[in-house]
Amino acid sequence: MNCINLEGNTISLLCHLRQKCIGASNADFPSEDPGMYQLDITLRRGQNLAARDRGGTSDPYVKFKLGGKEVFRSKTIHKNLNPVWEEKTSILIDNLREPIYIKVFDYDFGLQDDFIGSAFLDLTSLELNRQTDVTLSLKDPHYPDHDLGSILLSVLLAPREEQREATMLMRKSWKRSSKVTFSMWSSGIFITRTLMFYQICHAGLFQTQSLRLSDLHRKSQLWRGIVSVTLIEGRELKAMDANGLSDPYVKFRLGHQKYKSKIVPKTLNPQWREQFDFHLYEERGGIIDITVWDKDAGKKDDFIGRCQVDLSTLSKEQTHKLEMPLEEGEGYLVLLVTLTASAAVTISDLSVNSLEDPKEREEILKRYSPMRMFHNMKDVGFLQVKVIRAEALMAADVTGKSDPFCVVELNNDRLLTHTIYKNLNPEWNKIFTFNIKDIHSVLEVTVYDEDRDRSADFLGKVAIPLLSIQNGEQKAYVLKNKQLTGPTKGVIYLEIDVIFNAVKASIRTLMPKEQKYIEEENRLSKQLLLRNFIRMKRCVMVLINAAYYINSCFDWDSPPRSLAAFLLFLFVVWNFELYMIPLALLLLLAWNYFLIISGKDNRQHDTVVEDMLEDEEEEDDRDDKDSEKKGFMNKLYAIQEVCVSVQNVLDEVASFGERVKNTFNWTVPFLSWLAIVALCVFTIILYFIPLRYIVLVWGINKFTKKLRSPYAIDNNELLDFLSRVPSDVQVVCIFLRCPYSC
């Protein structure tokens, strides 16, 4: 293998030189423009920086950004408003029109670093090959009149030395092109033999790896059915804690698919009542591995027992109630398992297009017509995705190329294209079709670079809400990073069609949201914790401000306003009926809709959330480096788990308030119209039917629900509806670039 690699590198170098000579013989010699520059920066010092600490000082450090990416970060000078850094860095520049963005921060241990000021370094104003001293005044966009100090730099902009040397070498080679050409071709026999040996060895290795990868891709694409599992309860489990009880949870595994249940504290007879789906693959067999664990904070979880479900012994299209005894432990689990044959997803070439065939299109439209609103309630709609091509992708290999393939995901449905080798502008021309279970799902299209001996490299992704799709429109989507907070290199061209039944989609909105069986594990993030705290604080401040406003009416700070509020209070209280509550919410929705269609809506997303999303990745990287240096986070697992729990609670509380607000702000028009329909129905019901009868029906339904359906999964229709409404973070990450049209 070492021999192959050595000869491969030799052949690549010789072929590269040969292509250079042939290119030189067929084209003019390159011009003087080097195309690439090197910017040498010496960060000298800061002068009269703004104080951000209580003691009247700051702990400043400097960040340099180019194209939205951090390219340099200085050390921190503690307790100094006139810091001296004297640090040097070199930055490669390929576009002089793009300035260097310089940001100065005050370092705060354990908290968010305070912003001191920022400035831009204009590269077009610099002279080539001349050392220049630059003084930049720091500004804050929110407070442009404040004097925040300045920083002093020494900069030198010059053509990149390696490229100039390569240019001189090419000029010498041009003068002696005949000699070089003759020398190269005189070694043709050696090159040819070496190349043949390399190709034979490499072809065998490449073919084996390609077959393995193509087999992996094929297995990842096609499945024969869906396994629906409902975890009901556990009985007489083994006690693992000192109090004679356990905190049990269950892990399921089918191939690469995993699911983890919630934790039921302090019981030996837990009630889970959770439902989830697995995909059943022909090649991977049908064995579900189930393990039961006892949760222990701060140490390794205790093993309670295990069991297996052999799906090959179960008949399809039938629900099986299984009582599985636990091996290596005590007790047993109660499950409901249903196997359903699936033709929900397909892959084909552009030549096979269901929607372009008039007969098939008519069948699909008929399938989701209003007349069939109560037929197969889980089949909400039809999605067709044409993955056409991508352009200007990121180079992930040392050769300056990539081996891109595309992954298309809709909830738990996941399909892959084939790989286009050594190409930054691949054309896949593939059609993917999905059955839509939830119209509020988000289509995710991710581009990866295939690596033969390790995991694939991420190149970019896009997330597209189904309700924002314009049917039949070929559109270029800018690829984003993993967190969807900013763009990465390249665009992908997609054409998407969505056909769905609005009645089914509305009913499905009131049912539990499908849970992904593969999700990233929660981790502690200082930036995320702070962001969630700020979001919750904003929601609480809305309530506090409303309370202050109402209290000001009682204090008669503004007599006209207080008088109007007093008269309104008398009128509403004297004439109040329960139907007025949904009616008032209807009026709020109507008012916001009027503002939108009249062009008077001036909503702007909070810049704090957007700025924190932009810097979250780099701040987390810094936190990771700090944690490696200090090493104490790994020893305080229990504290970390508490912090993660608090972080998630903050996220849930903030998201709930934001979802309620976005329902009435027409962020998702489909959901706002659905809310109007529901509120109209409730208004009519509350107007014509006495409240006592409504409460009676509700109570009878609640008391008899478990008697009528013992294994029914409890849900709250209002919370299920709100789970479809995006929070402000989701609006910024996903919906901001794919806005809904009213």
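Even glycines carry a Cβ here, placed using N, Cα and C.
The domain 'C2' annotation in TrEMBL covers 18-136, 207-324, 358-479. The feature transmembrane segment is assigned by TrEMBL to 563-594, 670-698.
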DSSP tally for the domain 'C2' (18-136), helix/strand/coil in that order, comes to 12 helix, 54 strand, 53 coil
The domain 'C2' (358-479) resolves under DSSP into 16 helix, 56 strand, 50 coil
In this predicted model, the domain 'C2' (358-479) has a mean pLDDT of 87
